[in-house]
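For reference, the structure discussed in these notes is given below.
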Amino acid sequence: MWVTPLLLLLAAAAFIWWDLPSGSSFILRLRLTSLASLTLVGVAIGASTVAFHAITQNRVVTPALIGFDALYVFIQTALTFGLGATASGLIWPPLMFFGNTLLMLILGGGLMWLMFRGGRSNLEFVLLVGIISGTVLRSLTSLLQNLIDPGEFQVLQARIFASFETVNRANLGVASLVVLLGCLLLWSWRRYLDVLALGRDNAISLGVDYRRWLIRVFVVVVALVAAATALVGPVTFFGLLVASLAYQLAPSDRHAYTLVLSGFFGALALVAGQFILGRLLGYNTVLAVVVEFIGGLFFLHLLLFRKGN
């Protein structure tokens, strides 16, 4: 377990210092910014996925099922359609970050209201509503994209795909606070997550206020996923990949281990992947494409070949 932090430190050192021109402070700042964004996104996605698995008691689903990725793409498409690619690109980056995060939190709040309307706690219904809302948003996005000028559509495509290289430094401070606070809360709740993972009836019989803790964990998961998505764009299957790796290599199923390992694995995968693709292969392949491809294949593997899922 303790090998992972060492590997992350080695990957971070190689990412920063490999082939760095002497006296180039500008390139060093760019690499530090990219390293910070990769680490933040990896930790946020990994930890939020493990927590989401605890409250759903299902290790195949991901927070992306709530529809955050579809909402992010719809926001970018609607701005390009309404304002144009040039005008929408001039929006102050922190304002865009806050707007994206706020809308995603509103979506999460609406799903929570549906979850507990009438005193019920139907998480399966929330997942179903999230999938349907994602489908509706994708349909609206497709309609708007068909009406956009082809030249502006090319600009839009560069915005709607996850990008770990073009993160605005002004957004890192806010994202760091959200991710740090969210991860600290999940760590302090690790024992409650162990109980929530046993299911609703078992959690209640063990004296846990199931509804209150479900709301708390769900809010933190929504905040972490919203911050990561607003920072770099939608990443659908990456969390499932690193969470499953944490489950396999953790010495036990306790969240004291799986939360930490998933965060480390997430950061290590992104930093090492960006180093290999960027420094060694010369950016011949985009990291987001590789991550989503491998994660998608792993998701199909879980659905088709894992018993009990």
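Along the chain as shown, residues are numbered 1 onward.
For all residues, glycine too, the Cβ spot is worked out from N, Cα and C.
Per TrEMBL, these features apply:
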TRANSMEM  35-56  transmembrane segment
TRANSMEM  68-91  transmembrane segment
TRANSMEM  97-116  transmembrane segment
TRANSMEM  170-189  transmembrane segment
TRANSMEM  213-243  transmembrane segment
TRANSMEM  255-277  transmembrane segment
TRANSMEM  283-305  transmembrane segment
*Long-range neighbours of the transmembrane segment (255-277), counting only residues six or more past its ends (CB under 8 A)*: 1, 4-5, 7-8, 11-12, 14-15, 18, 34-35, 38-39, 41-47, 49-51, 54, 164-165, 183, 186-187, 190-191, 193-194, 197, 238-239, 241-243, 245-247, 249, 283-287, 290-291
*Is the transmembrane segment (68-91) packed against any residues at least 6 beyond its ends, judged by a Cβ distance under 8 Å, and which are they?*
99-100, 103-104, 107, 133-135, 137-138, 140-141, 144-145, 147-148, 151-153, 155-156, 159-160, 225-226, 229-230, 233-236
_I need to check the long-range neighbours of the transmembrane segment (213-243): which residues 6 or more away from its ends have a CB within less than 8 Å of a CB in the stretch?_
37, 40-42, 44-55, 59-60, 62-64, 66, 68-70, 72-73, 96-97, 100-101, 104-105, 108-109, 112, 115-116, 121, 123, 159-164, 167, 171-172, 174-175, 178-179, 182-183, 185-186, 189, 192-193, 196, 203, 258, 262, 265-266, 269, 288, 291-292, 294-296, 298-299, 302
